[in-house]
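Novice: Shown below is the structure under consideration.
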Amino acid sequence: MSLPGLDLTQPSADREFAPAPPSQISLPKGSEWRFEVAFGTTVRVKLLAGTAELFGTELAPSQTYTFSGTKAAIYTWHGCTLESEYVAEETPMVEYANVHFALETLRQEAKATGKDGPRVLILGPEDAGKTSLSKILTAYATKVGRQPLVVNLDPTEGMLSVPGTLTATAFRTMIDVEEGWGSSPMSGPSAVPVKLPLVYFYPMQNPLEADGSVYKAIVSRLALSVTGRMAEDEDARETGIIVDTPGILSQSKAGNVEMINHIVTEFAITTILVIGSERLYSIMMKNFDNKPTASASAAASDERISVVKLSKSGGCVDRDAAFMKAVSESQIRTYFFGNPIPSTASAALSLSASSTTNVTLSPHAQQLDFNALAVYNYTIASAEEDEDEYDPSQLGTGDAFLPGGSNDVDLALANSLLAITHASSTASPADVRDASIMGFLYVADVDAEKGKIRVLAPVGGRVPPRAIKKYIDSSKV
């Protein structure tokens with residue numbers, strides 16, 4: 001099966017190549033093995049002796065792990081033996097571990113006094129290791145029995161969802177070594193317990209689109225949901241929050257500090273971790289260090305914000321546009337088709353003879369009458385357009401939400417995603433904008449003459465009568 005736009009094809013098994021011979025290397029304590037694997041190829045790693053971890057999650061002995069389309073590092077505290085090609089002895093893992101222990105002290109204090117646990121915000125430039133640090137702190141927290149709430153505010157990379165989303169998830173169990181954060185129920189069964197993410201749709205890379213009004217509104221709704229969860233879940237309240245952010249917020253652009261301030265206020269942040277940017281660290285120190293938090297108990301407990309500077313790992317590598325596009329396509333493929341490992345021997349840089357079991361899913365295809373759907377366009381006004389054409393009072397923003405029933409189906413809709421919201425099909429545009437997401441449809445084909453679209457859905461049955469959001473870049477219209 002092949003779908004244009006996502007290159008959804010099974011790799012050919014016509015050619016066979018001999019796998020690379022395995023090589024065993026002993027890693028000294030406090031060192032890490034850094035590796036990069038292209039999409040379409042795999043590398044298999046087995047821990048032979050000692051202990052090791054990937055972003056805080058321990059590797060099981062004699063278990064083969066398979067990686068594809070990733071850039072990561074395996075670290076050992078006490079030394080280990082595995083099959084490796086490169087060993088790095090300069091690593092900030094001790095620094096990151098100290099952050100974990102400091103957060104644990106705050107969590108113990110929160111449990112003893114009945115206060116909320118630490119709320120951590122991670123800032124830094126693009127490709128500085130922010131998400132990796134989020135995984136490490138989350139994995140260490142779950143390892144000692146904590147249940148952190150993890151928030152992803154970076155729309156370019158989905159967490160337990162597709163790209164173009166902002167999510168929040170409670171982690172009660174370990175993180176999946178091979179699949180990063182793990183999998184949601186929409187990705188099928190998993191050896192590691194699945195997570196239940198709360199998902200909001202934000203299909204743009206820049207949080208400052210439309211002066212940041214749309215992004216701010218979604219952040220506020222996400223923060224409200226997280227705060228409500230902490231109020232009802234004692235374990236989550238004691239453990240606190242870990243918030244990952246997009247690297248674009250660290251740039252010297254007007255509105256970035258205001259956006260960071262909005263995030264700090266909405267989530268009542270107590271600790272700001274700045275990775276790899278002296279300039280950003282100075283700005284955060286000036287604006288937030290030792291300032292009272294925005295929590296309701298801040299006045300009574302004299303709770304104040306701490307700003308901490310962390311080193312950027314030497315293992316961080318730049319991810320170009322082509323790689324990020326491949327990441328996005330891979331996440332979308334995984335959402336609908338599962339995560340099958342390429343079956344060709346030519347694709348495998350095999351360091352072990354054994355393999356792991358991955359799940360292949362079969363999405364349900366159906367044809368829909370486009371005009372029968374309550375589809376909302378998500379368009380951004382260009383600088384040349386007349387602002388008088390928009391009604392900011394309707395949405396609190398200059399963005400336009402137009403019901404799909406009044407529009408003809410557009411061929412540009414092909415190979416795009418539709419987000420099914422929890423909002424009613426008759427809800428107001430503002431409610432549709434702020435609604436969380438139920439699931440996604442992939443538009444495989446468009447018949448403009450008949451007004452029909454063929455979509456793929458992760459589950460069978462009729463599409464629920466809910467408002468649906470799509471994104472059209474105004475520069476391409």
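Positions of Cβ are set from backbone N, Cα and C atoms, glycine also.
The annotation ATP binding site is assigned in Swiss-Prot to GLU32, LYS71, ASP127, ALA128, GLY129, LYS130, THR131, SER132. Annotated region 'Disordered' per Swiss-Prot: 1-23, in sequence order.
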Novice: Taking only the residues the record lists as binding ATP, namely GLU32, LYS71, ASP127, ALA128, GLY129, LYS130, THR131, SER132, what is the largest Cα to Cα distance between any two of them, in Å to the nearest whole number?
Specialist: 18
Novice: Within the chain of LYS130 (ATP binding site), which residues six or more apart in sequence place their C-beta under 8 angstroms from its C-beta?
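Specialist: Result: ILE122, LEU123, GLY124, ASP154, ASP244, THR245, GLY247, ILE275.
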Novice: Does DSSP give ASP127 (ATP binding site) helix, strand or coil?
Specialist: coil
Novice: Under a three-state reading of DSSP, tell me whether GLU32 (ATP binding site) is helix, strand or coil.
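Specialist: Reduced to three states, the DSSP call for GLU32 (ATP binding site) is strand.
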Novice: For LYS71 (ATP binding site), just give me the three-state DSSP call.
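Specialist: Its secondary structure by DSSP: strand.
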